[in-house]
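Report on the structure given below.
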Amino acid sequence: MSNNTTIPSKTATDICLTDRQMSLSVSSTEGVLIGTIIPILVLFGISGNILNLTVLLAPNLRTRSNQLLACLAVADIVSLVVILPHSMAHYETFETALWFRKFYGKYKFQIIAMTNWSIATATWLVFVICLERLIIIKYPLSVRKQAKFFTPRNVVTIIVVTTFILTSYNHVSHACAEKLFCNGTQYHVACLGIDSERWFRNEPNPNSEFMKSVVRVAPQVNAIFVVLIPVVLVIIFNVMLILTLRQRTKLFEPSKTIRGDSQFTQLQSKTEHKVTITVTAIVTCFTITQSPSAFVTFLSSYVHRDWVTLSAICTILVVLGKALNFVLFCLSSASFRQRLLMQTKQGILRKSTRTVSMVTSSTVVVDSLPESRKKSRVAMEMIERRTSASSCLVGGNRADRTHRANSSQSMIGERMPLKEFRRGTSFV
């Protein structure tokens, strides 16, 4: 729901705004950083996370950790998609386009709310993934007790609903007034905070005191529970995870005396160890790229100053962290690389077999046309032969009857002399 209101005016539509007034960038530095670097990282991050999903959602790899990592990939994809309109606003092609200015002007704060929601979801998912790995490594027996309730579905649902509630204030935090200038060729939007003392046309603020207080308090609550607390917890648990990995590395030295169940147990522990290494790499990258943005967001809620350039740099770091997940999977997991190569080869083989089958089916259809014509000709010749043969049979039956009658008479006439001959020449 957009909070846009139209300011009626009689003469303002004839006034044309300058390029600076029509610019959607706060500064030229922000335009260069957000408009140039972000699109490349967004495209790379979306394609990389899609490849991550193809491997993590394979039927034989749907473990608890992989399901949580797949949910993290989905949250990162959503974040990258909703960040893209902010980057497009810094291009002159979209900045001067009437349709884009209307869309971006009406739904800018809804896009910001979606961005904050998806980033908050990804932040808490990283915390849950790190905590889950730490519990599996340090307390493997307690996982079965907690597996019934703390399933990936329940955990992700709780995170998504909670972060939506904490970031939903962005949908109602501002009210915007839209107007067409320069005889309807320029679209401009001006926005004010709900808690602003000055309103449009210097009128009194029509919003209630409850809404004003909610909009004032909500950013601070969001900064604490969505930004500061999860990032600090991720840093603490990531350090604990790294220390635990260093302690357990000595346990996986090659041994020749391992047999039976102990060998299977060590093999399973090695697998968990490799998964933990991948998770540690992802969480460490998240900590490095997300922490500056978290602290800048937290400080901007209390210290009012110009954070434009620093916020743009932090945004690039956040997008870079989401784009590097695919690289981290490939570098830290040999099984991920093997699965990805195998699925790529299978996809290429499927496409090649489909094209070959389509080509062969088309050639069979083309080759079958003259064969069908030949078969029809042969069938016509067979029918003609059968009709001629049937006519010959009808005429032949009559001739056979007359021939049999004549032959029977001739045989009777011939037998009589034979009998007489036999009687006359008998030796009795």
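Just so you know, glycine gets a Cβ as well, placed from its N, Cα and C.
Different topological domain names are assigned in Swiss-Prot to I136 and V303, which places them on opposite sides of the membrane.
Of the candidates N183, N406, Swiss-Prot records N-linked glycosylation site for N183; the remaining residues carry no such annotation there, which does not rule it out for them. Count of Cβ pairs under 8 Å against the transmembrane segment (31-51): among 68-88, 111-131, 155-175, 223-243, 310-330, the largest is for 310-330.
At the 8 Å Cβ threshold, with sequence separation of at least 6, the transmembrane segment (310-330) lacks contact with the transmembrane segment (155-175), having fewer than 3 such pairs.
The helix, strand and coil residue counts that DSSP assigns across the topological domain 'Extracellular' (176-222) are 17 helix, 14 strand, 16 coil. Averaged over the topological domain 'Extracellular' (176-222), the predicted model has a pLDDT of 89. Outside the topological domain 'Cytoplasmic' (52-67) by six or more residues, the chain places 73-74, 129, 132-133, 147, 151-152, 275, 279, 325-326, 329, 336, 339-340, 343 with a CB less than 8 A from a CB of the stretch.
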